[in-house]
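Worksheet for the structure shown next.
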Amino acid sequence: MSRHQSYPLFNLEQAGVPDDLCPVATVVSPMLPGDWRSMRPVVDRDKCVKCAVCWLYCPVQCVEEHAAWFDFNLKTCKGCGICANECPQRRSR
């Protein structure tokens, strides 16, 4: 017996779908949060104390650790501003 249960294909005629209704295939391009970002985070690298609060609170985990500061991956950052609001030094904006 197979571990996976197979399901019958959906039958349009049995479901009563009109013949003139044509299903259309849609191509969806992958869209990252950074593609629709409204704000861009900026870090004052001289004043960053590397507390990692921005890294901890980022909902999309776009904060990247470097030797002396944290930076943001702008491809995944959605511009929500949580990092700036949570930063105790207010070094990201």
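Note that Cβ sites are derived from N, Cα and C of the backbone, with glycine treated the same way.
Bear in mind that the values here come from a model prediction, so they are computed numbers and not experimental data.
Per Swiss-Prot, the features are as follows:
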- 39-68: domain '4Fe-4S ferredoxin-type 1' (DOMAIN)
- 66-93: domain '4Fe-4S ferredoxin-type 2' (DOMAIN)
Any idea what the model's mean pLDDT is for the domain '4Fe-4S ferredoxin-type 2' (66-93)?
83
In the domain '4Fe-4S ferredoxin-type 2' (66-93), how many residues does DSSP put in helix, strand and coil?
5 helix, 4 strand, 19 coil
